[in-house]
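The block underneath contains the structure these notes are about, expressed in structure tokens.
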Amino acid sequence: MGKQPVKLKAVVYAISPFQQKIMPGLWKDLPGKIHHKVSENWISATLLLGPLVGTYSYVQHFLEKEKLEHRY
């Protein structure tokens, strides 16, 4: 005789809708965490955003100059 398959019960993980503290550490001291990240990485952010803002402003100025040039 062959083996009979055994039915296994599935394990279901769920969060109770009445549970209020799901991730309490995520929102704790949020301004302090943001300040720490910004003060830690300000040089990288400047080096990233500086050329982007410069290029964008140059393109906007160039387009405005082109518009005025073809006005008359």
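Heads up, the Cβ atoms here are built off N, Cα and C, so glycines get one too.
Swiss-Prot assigns the feature transmembrane segment to residues 42-59, out of the candidate ranges 6-23, 42-59. Mean pLDDT for the topological domain 'Mitochondrial matrix' (2-41) in the predicted structure: 83. Residue counts of the topological domain 'Mitochondrial matrix' (2-41) by helix, strand and coil are 15 helix, 0 strand, 25 coil (DSSP-based). For the topological domain 'Mitochondrial intermembrane' (60-72), the number of residues in each DSSP class (helix H, G, I; strand E, B; coil) is 10 helix, 0 strand, 3 coil.
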